[in-house]
Amino acid sequence: MPLTNVIYCGVCDFPAEYCEFSGKFKRCKAWLQENHPELYTKWYGDVTEDVSKQLAESSIGDEREEKLEKALEKLERKQQAREERELAKKLSSKVVIRREARTKRKCMIAISGLEVFEIDMKKLSKTFASKFATGCSISKNAEKKEEVIVQGDLADEVEAYIHSLLEEKGMKEVKVEVIDAAKKKKKAETTTTPGSENKK
């Protein structure tokens, strides 16, 4: 079986028969006409067409393609810079899981800082409600930002789930801070118990 001699285009580096998919078709055709006229005739017609007209059109095509390529490169650079800024913002942000006392024996978990990571809060709330079989809702904190409220002492379980969720999004390095406000409150109440000053 004879080997097939593949002609590669000097403009786009594709096999010559695939130049139309390169985005540089006019320049590719001009190159093919100059370097392989027999293939040009076979694929695109008679070589005896007005060469000067072809070259002129090719020149105009070159300018248009160059402008288009530059515009695309500029757009890609802007997009890349935007993505880098967004990634830096995400990596420098943190998720806060706060354990708060509701009554003496009951507490709730408030999760904030998720909006930066494009996490669907409603979906997450439903996931927590079904996963932990508990009440779950969305409210706004003192900073007017949304947070997920989970009823029950589930700080460890919530933390583990948030870590796995961030890891799925490629955000493994993001800090997850757990604050036990219930303990702090209890400690503060203990230190200010009436009569405690007289015992010193």
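Cβ coordinates come from backbone N, Cα and C, glycine included.
Listed in Swiss-Prot for this protein:
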DOMAIN    95-166  domain 'SUI1'
Checklist line | DSSP helix/strand/coil residue counts for the domain 'SUI1' (95-166) | finding: 27 helix, 24 strand, 21 coil
Check: In this predicted model, what is the average pLDDT of the domain 'SUI1' (95-166)?
Finding: 89
